[in-house]
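Since the structure comes first, as C-alpha cells, the remarks are kept for the end.
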Amino acid sequence: MTSPTYRPNILVTGTPGTGKTTTSELIALAVGFQHIEVGKLVKEKQLHNGFDEEFQSWLLDEDKVVDELEPIMQEGGKIIDHHGCDFFPERWFDLVVVLRTDNSVLYPRLKKRNYNTNKITENIECEIMEVVVEEARASYKEEIVKELQSNSLNDMEDNVDWVESWINEFEASGRQPNILGVRPNEDDESDDSDGMDEA
Ligand code: DAT
C-alpha cells in the first residue's frame, strides 16, 4: 500500500522583473500547486512595518510572514514567489529556483513598471552582483538550488517544463518532502533533528 503523495514545496526567487510571478503562476496552473506571491500577501495581511518611500516598497516583517506561511507550507504543494529567501526556514523547501535575466532585458522590464530611478538602479545592481543567487546558495543546500535563465518567452516555457518534470520525478521517487522532517525509526542513522534548520 502506498500512502497518498505529499507534494513538495518550491521557492521561486530572483531579482524583481526576472519573471517570478508569471513563471510561478504558469507552474501552479500546470501542476495544480498553490502559488503564493509574498509581496501581495504582505500587503493584504499587513505583514509589514510601513512603507519605504525612497524605494517605493513595503518593509516586510519577516517574523509575521513566516508565522502566516507556516501552516500553509505544512500542507505541501506550494510555490512561494519572493525576491528574497534568507529568512524562510530551510526545511520549507525541496527546490529553490533562482531566475536570472540579462540586464539589457531586465532594464526595459523595470522601466515599463514605472519604477523610480532608485528602484531600477537598485534592482539592476542586485542582478549584476548576483545578490539573490548568493543568498540562495548561502541559505539552502547546493543540490536543491537551480539557476534558470529567464530572458524570453521560450525560456519561460522551458522553465515551466523543467519544474514540472522535476516535480514528476520527485513524486515518482517517493522521496519525503523536507517539511515532513525525518520520522522516528525511518532514518536510524540520524540522531540530529535536521528538519529544524533556520536559514
Ligand atoms: P517578477 O515577479 O520577478 O517581478 P514578473 O513575473 O512580474 O516578474 O514579470 C515582469 C514582466 O516581465 C512581466 O510583464 C512579464 C515579463 N516577463 C517575465 N519573464 C519573462 C520572460 N522570460 N520572457 C518575456 N517576458 C517576461
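Cβ coordinates are placed from backbone N, Cα and C, and glycine is handled just like the others.
Since this is a predicted model, take the numbers as computed values, not measurements.
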Subject >> ATP site partner of GLY17, GLY19, LYS20, THR21, THR22 (as recorded in TrEMBL), chosen from ARG7, ARG91, ARG113 >> reply: ARG113
**OP:** Looking only at the region 'LID' (112-122), report the model's average pLDDT.
**Re:** 92
Original post:
Does anything in the same chain, at least 6 positions from LYS20 (ATP binding site), have a Cβ under 8 Å from its Cβ, and if so what?
Top reply: VAL12, THR13, GLY14, ASP81, HIS82, HIS83, LEU99
